[in-house]
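J.: First the structure, which I've put down as structure tokens, then a few questions once you've had a look.
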């Protein structure tokens, strides 16, 4: 009888233990911790809460232990890291009493944000909107972390760096790094109907002559600041002599004279008389020292500079050859490269493709 009672007690004990283990397994939850990103930039003197950078499952923030591999650069306490010295440190987040850890590389450095100009403008009638992000200089700041504010939304609004004019006046536009009131810059914009009254071609002296096959982009000025030069219409009086695209780029087609006209949406226009000349050179000179070769270190390069008549001829109109390609090579752009481990003298010759009588040469001396 005693044996039966003892066996019954043992079975009951085992059954109780098995039941406890099952409940324990059911109550065990997966625990994990990780950082959202591998790196984080912190400005000098800035405090950043790294708890916001963590992804943790079934963990309380108070159960996380924090440490820094370089506390003199980026010390951390209760998840708050401080930028002390420009360099890098690794921040470790560890769950207490577990081997679950996460690591984040923190870069400490200088940040800056400022507008290139303190004053600018926007035409109310024609443009109405303007992207001012190109006017903002950023250093160690991500553009997506910049917030934009207009001090007077009745004059102009701003969203993602795009200013929209609503009425005449002056308005202050503020760019600021999120959650950092000290890192900001202001731009005062004058909003008014500037009105396009005139267009002028910016012309070099002497008057430019364009060789056949060459391209040139015209530059324009106006009589008023911040007047938009958008939606211009360009026209050539004779496309058999010169073609012009809607970006103001002219191409010489054949020898002759042509008038290029540009017209704004409000009817204001300007023109320039352009001469297209032959692209066959009558003169060629390689810029070089007098009576001595150009010294070229082994493995280094040198780009030839050509002076031609007509001026500014395309490099593609000439052929380049080396007297000894084992010493120095030259490509179609006039780039000369000295061979490694070689010394000696080599001559580079440049010849016009259209007029082989027009040519010049230059000597190179390979040195250590």
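Here the Cβ of each residue, glycine as well, is placed from N, Cα and C on the backbone.
Relevant sequence annotations retrieved from TrEMBL are reproduced here:
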DOMAIN    29-105  domain 'BIG2'
DOMAIN    118-187  domain 'BIG2'
DOMAIN    198-273  domain 'BIG2'
DOMAIN    290-362  domain 'BIG2'
SIGNAL    1-20  signal peptide
J.: Please figure out which one of 29-105, 198-273, 290-362 racks up the most CB pairs under 8 Å against the domain 'BIG2' (118-187).
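T.: Top-ranked stretch among 29-105, 198-273, 290-362: 198-273.
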J.: How many of the residues that make up the domain 'BIG2' (198-273) does DSSP mark as helix, as strand and as coil?
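T.: Counts, helix then strand then coil: 0 helix, 38 strand, 38 coil.
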J.: Looking at the domain 'BIG2' (198-273) alone, can you tell me the average pLDDT?
T.: 89
